[in-house]
Amino acid sequence: MAEMVARLASERAVVVFTKSGCCMCTAVTTLLGELAVSAAVHELDREPLGKEMERELARRLYGSGGRGGPAVPAVFIGGSLVGGTSKVMTVHLKGELVPMLKSAGALWL
């Protein structure tokens with residue numbers, strides 16, 4: 001499963017793993033959309049292996065036990081895990097998100 005998540009996370013400059021109906025997922029994808037980023041979005045509750053992928057994302061976000069909070073949204077930029085909602089919003093408010101997106105080729109501003 002780790003290889004599958006890594007492959008999906010690297011398919012585009014920005015990849016977001018979400019669940020339909022998740023308000024925090026909507027907040028992150030809306031922010032990226034407002035920045036004119038075309039992210040690949042994978043809704044785990046609509047993926048055949050979504051539960052397994054969610055466990056792998058939780059492991060990546062919170063360590064080997066995979067416990068500590070929600071696994072979605074999980075945002076990857078340039079193939080690297082940035083984090084969930086709080087991390088994405090923090091780097092955005094610090095002015096670091098746009099440079100990350102530019103570096104990954106997701107923005108041309």
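Keep in mind that glycine also has a Cβ here, set from the backbone N, Cα and C atoms.
Check Swiss-Prot against the ranges 34-37, 74-77, 106-109 and you find motif 'Responsive for interaction with TGA factors' recorded for 106-109.
Within the same chain, residues at least 6 positions away in sequence whose Cβ sits under 8 Å from that of CYS22 (disulfide bond) are PRO70, VAL72, PRO73. DSSP assigns CYS25 (disulfide bond) to a helix. Residues belonging to the domain 'Glutaredoxin' (2-108) score a mean pLDDT of 95 in the model.
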